[in-house]
Structures are given as C-alpha cells and as structure tokens.
C-alpha cells in the first residue's frame, strides 16, 4: 500500500526523491533491544521515521528521539474502528462488551488497544465458529453489549453464525460497524432493526479524497489507503518546505554526535507537522494518543426514539439515521436519543410450586418461547423478579442448575444446585424458595428476606366418607340386627302360645271378658311385636298375667334397644365429622397406621436428620455424664432417659416409607390414599398453596422449624445492598401482600363441597330411611293387588242357587221381567223351598220327620212375630227374614 502511494506521489511531485525502507517489526528483537533491519536502514540515511504498527511504539519513538529523527505514528489497522465503537458504547452507558472480529490480525490489534487505551471491560473473539459461540454463551457475567467491526460480507457471515448459535437473543445489544461502503449488501437490516449500525457516511469519502461534497466515491474505496495517501502528501509537502531537515546516518546502531540545535530543530519541525495535520479535516488525533487516525464520519442507524425495542420487529418502523460520529464525538439529530444500556444478569432459579415452575400444557408438556426456545416460567419468584427488573432497570435470563436444585454440599465440600452456581459464578444471583441457612451463608450472601417466615407443615387427605344411603344400618353390627329379629320372632310366638293356653286369657275366660277383646293369633302376635318398636305402641295388651309379664319384659327390651341405637347413631355421626385422625407431629410420630415421608435431600429432610443427630449426641452426653466417676454423677442418674426420642422414630418412619423425588409426587401419594393413612411433611408455604387449590387436602398441626426465604448473591457482590434497598421499597409499597394474595388465594375453596355435618345430617346419611318407607308403600300396594285377585277368584268359585218366584215356581217369568226377581219374591221363594211347601202334606210330613235330626236354624224366625236372633245368640248380628203371609 505504501509503495503504491509513493509511486503516485513521485509522479506528481518534482525535485524530491523518496527512498523507503520496509522494516518488519519483530517483537522479540525489540524486547532484546536489537533490530538489525532498523540499524541497516539508519546506516544508509533516514530523514523521517513513519510508524504504521499498532503495537507498542515506545521503542521506536525513543530511538527516533535519540537519533534526532522526526517520528510519526499513523493507524492503518482496525484500531480506529474499535476506538469509534468504544466511544459509541460509552455514549450508550456501556461498561462491558464482547468484540467479534473477522480475523486474528484484527483480534491482536484490538486487544493491544484495549490493554493500553480503554476503560471498558472487554473480551475479544475472532473467526466466529461453534467453539467460540459456545464460549460466548458461557460468559459470566453476561455482556451488556456485542460489537462487530468488519466489512459487509464478513458482517453477514458473522451474524449468520451468531444467529444459528443462539447469540442474538437481544438484538438491541448488538452494535455493528461497517468498514466499507457496500452496506447495501447487508442482509439482516430488516430482520433486526434494533441493532445499532455505524456505517461510513458518504461525506467520509469526500473528506478523505479532499473533495467538496457531494463527490463521486470510487469503487472499491479503501479508507485506510486514502488515509495513508493524505499523510504522505502532508509529509512530502512538509519536507519540501523544510529544507533543513537532515538525513541521519548511523554506524553499528550507534548514533552520531548530533548538534543539539539540530535535534531541537527536528523536534520543533515534527511538532509543526503534527499541528498542521491535526488542523486538517482528513485526520483525527486524540489527546491521549499521538497516533494519526483517519477522520471517519459515521452515520448512526437505529430505531427512532419513539420506538419500543421490546416490541416485535413487525410492529416497528424501519431503522433510520439518528445521528453521526464526527472525529469520535457522537452528534445526534433533533429529539433523538441513544437507548441507555441495561444491565444484564443471569438469574438462577429452580422449580418449586408456587415459587417458580415451568408452564405446561394440559398434557404436561413444557411450553417454550417461540422466539428463543426457552421454557416459559411462572410463579411468585418470577413475578417478583420481573418487578425487580423494572425498578432496577436490568434484563435477565433465567438459568436452572445443571446439577441439583437448591444446593447440597458433598463430602468434599463442593456445592451443587443454585448455591454451587453462585460459588463458581455461573449466575449473578438466585431467586427461588431458597431458605437462609448457616451452611449456605458460609459460601454465599443473602439479602433482606422477601417472604414471611415459612416452616414445615404436615399435609394429609381428608378422609373419604362412604356415601351409603343405608349408613344408619351400620350403627349396629349384623349379629345385633339378627338378634333383634330373633327377639321379635320369639316374642310373637311366645305371646301366641300364652294367649292360647292360659286359662285367664280373653279367649279362654269369656265370662270375665263378655265384651269383644283382641284375639292374639299368630299373625296378630307378630304385628304386636313389630308395632311395639313404634311411638304409638303395640296396641291392646293381652289379658292374662303371664302374657303381660312377657310384654313388660319385651317393652323394656325395646326401650333399651331404641336408646342404644339413638346414642350410637349420634356418636357414629360425630366421629364421622372428624377431619384427620392426628392433630400434631407428636401424635403422628406415636402411631404406626399412618405412613409419612418428605422430599429426598430437601431442607425438610435435612431438618429431621439434624434433629435425629442432635438427639443422638444429647443421649451420648447424658450417658457419659451419668456414668462418669465424678462427685456429682448421682444427681444425673435417673431410670429413664429424660429426652423423648421423637425425631429418631420420625426419621426411621420416613426412611421406611421411602422419600419422594419431588413435591409433586408427594402430593400425588397423599391424594391417592382415600383412607387418609398417608401424610406428606413439606414446606408450609407450598402445602398451603396446594390446600388452597385442592379440596381433598388439609393441614395438620402448626408450623414448626420456621425460616425465612431470601435472594442469594455471590459473596461480596455489589448487588447485595442494591437488592436489599429495592426489596425494602417494595415492602413499603405493600407489593408482597398483593403478590401473596395472588398465589395463596383461598377463594377457590368456596367451590368445594361442604362435608361438615354441623348444620345437620345430610340426606346421604339417612336416605335409606326414606327408601325403606317407599319400599313399605310398594309392598302395601303389591299386597293390595294380591288381596283383590284372591277375593275375585274366591267369589268366582262359589255355587249360587236360583229360586223361582213364590207362588209360581213351576212357571217362571219370561221376558224382561224374568231377568231379575224382586228382593221380596226371592226371599219368599227361598223360604218356601227350604220348607218344602210345594210338596204334598203327607210327603212333607215324612220329609219333616226325616229331617228331625236337622232342626231349623236359629238364624231363621218362623211365625207372625219377629224375634231378633240376637236375643237367642248375642254374638249374631244377622237380620232374620219373616214371610209376609202365614204358613198354612
């Protein structure tokens, strides 16, 4: 490049002969203070030393000053672009950045600039590939900005690899600087308008070509070659004007004895040249560095100030020019602002309902963000984190621990889970259901607690009550019901026998009881025994003393049996209302029917382990104390160990029931045990959350082993005080109360069915009584139908005798009158036929004589005078028939 520039200058300038020496900079020889090529060039004579390296120039500048040679340091590398990018990032409020460059040479030049002249915390990557993409993703803490300086085609390739590798998750963090004028070939402008782009302005070409704007920029155009040409032109003009500039020669790298005046003149001439170059528009010289850089006028292309970078690209206006970079200074257009840099943190969390959990569809599949492919998180801590990001103005990524959950320490003292990620710097802080413990405090720091005291609670399923309509029948056992039935049968049979054989019964002693009395047949005795169980009683009692004695004993049996049934029914329903068979941890530990467990290796599991270990240690101390040979050992000797070994038994029961892997599995096991014979001991906040959403669960006892929840940060982190401050501010605004009400809302339990019988006994418990009544009604109707059928069959089987009308028996009536006889005529005909009045007298007498053995029934009165049959036989209630005419 320099040879081409000199060749073009020689064609334009006359009277000046330029000889150039190309000296390759050897870093190792410079460190040793040796450079043969440099000494060789000085031996032939040098008038000016032009340094185009990007490395440390102190050796060359010191040598030039020692030999009295004018010295100029110009930049032809990527450092000028990186310096412009750094100024732009400062304007955006950045404090750290990841530079991505197209080749290793640019990487080295950038690293040296950042070492010597940069205030940003920076990491440089070149030749973006799969390995470097993975390393960038693993950076901790996460960078606030990404900066890329490359040509247009190289920029397209870098962004393509970054997109495929998942680096472009927040496009507004990417800052692109194009080193050529072919930006019309950029392919990602419409896809990511949020990316800030620094492109060479059209005026840059005119400035570097020293032409008035607008001008025709050649294609291709290399800004660095134009910059070198401008510097060489100024050097040639300066040499032409300064005829006193000597040519310095040396021998064996030993400087000649230089006149002091000539050395001062050379320094003054060099200063004049630098002042002249600094005053020109083509150049940019910073105060902290004497390097001559090209004045690259860059246009800032980004979203206008009224655009929201968090909205989707389809809703945004196209990116536009919002300002320029002129000699390293940011000049924005009217009403335009650069979006400030947001801090970015990697926040650790782990699943724990309702604190933080991955959102799932009804089939249990994890839902993911369509843009990033990351799981969608929900929960108390997620809402809290979002609010913190708003008040503290930062962006974040949620990170789950690769091993473990909250954090456990192994035998080697290494931590896993969230605590382990904090220790190694994988995350910036952790927000989850993380309890503040002394062990964790040794390796991480906690901020002010954000949640009320939480502890350990017991969850059980409400007993499933049997919905039997005949539940009242279960008050007494089957053998009792059978015994009652046997007593009814035995009483009925005995009552029938006593009434039949006792001489003093109403049946056998009619003189004592001339009036109508109840007949205790076998059927009537059974009816008496059954109705004695009713409030109206069994009815008329037997007359004999033996029967009454039996009835009195039976009535006593009935009274006692009814009282027993009533008392047992009340007690049965009272016991049924009890929700849980145990009411505390102590009661749970004393029984063996109900099994219980915890989440394996959880804080609750550690609590019982520690309490068991404490009981073991205390027992050993008490044992050693009582068995010691000291003077006061007698006062500690007791027959029983004074401390209850409660937690030893609890831990043993937990291990025998097998601890569950997750809390979800624990709640599932509780819900499956319909007999309420399984309990789950877990965090009280999580248990109360499940109870508020599941009608089957209930809590047992009070909360114990209370501890606070807190956000954990790395030890000595600057975030500790800031997070504590904003947590206290949110507490003042009562934010946590509203957040708690959102997740622990018991209004859903109002839809649960009322299982409490305190307001009365339900129909399900005594519905069988109504069913039994309906069955009795149905049986009564069936019995009625049977009676009707039986009666009709009986009536149809009777033999009726037709009697002719009296006085005309041989010639019965015909016609319509013969179809029906009058009642009076029927009666006369029947009596006449009975007495054989139609036969001759002789035959009648014989017949009468033959029938003396069969007298006329008492029920029939013969004669003119009516005699009531009841006078002859009081029990009869029939009406006698007296003929109207006298019998001859």
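Placement of Cβ uses the backbone N, Cα and C atoms for every residue, glycine included.
Looking at 552-575, 576-599, 600-623, 624-647, the range annotated in TrEMBL as transmembrane segment turns out to be 552-575.
TrEMBL assigns the feature transmembrane segment to one of the listed ranges (461-479, 480-498, 499-517), namely 480-498. Of the candidate ranges 688-713, 714-739, 740-765, 766-791, TrEMBL annotates residues 766-791 with the feature transmembrane segment. Around residue 582 (site 'Crucial to convey clamshell closure to channel opening'), the same-chain residues six or more apart in sequence whose CB sits under 8 Å from its CB are 460, 588, 591, 594, 679, 700, 701, listed in sequence order. Sitting within 8 Å of the Cβ centre of 440, 604, 683, and not among those site residues for L-glutamate, are the Cβ atoms of 406, 433, 435, 437, 602, 603, 606, 607, 707. Across the domain 'Ionotropic glutamate receptor L-glutamate and glycine-binding' (354-424), DSSP classifies residues as 21 helix, 17 strand, 33 coil.
On a Cα basis, residue 752 (disulfide bond) lies 30 Å away from residue 604 (L-glutamate binding site).
Across the domain 'Ionotropic glutamate receptor L-glutamate and glycine-binding' (354-424), mean pLDDT in this model comes to 88.
Counting in whole angstrom, residue 683 (L-glutamate binding site) lies 19 from residue 695 (disulfide bond) by their C-alpha atoms. Rounded to the nearest whole angstrom, the C-alpha distance between residue 440 (L-glutamate binding site) and residue 695 (disulfide bond) is 36.
Taking every pair among 440, 604, 683, the residues listed as contacting L-glutamate, the largest Cα to Cα separation comes to 18 Å.
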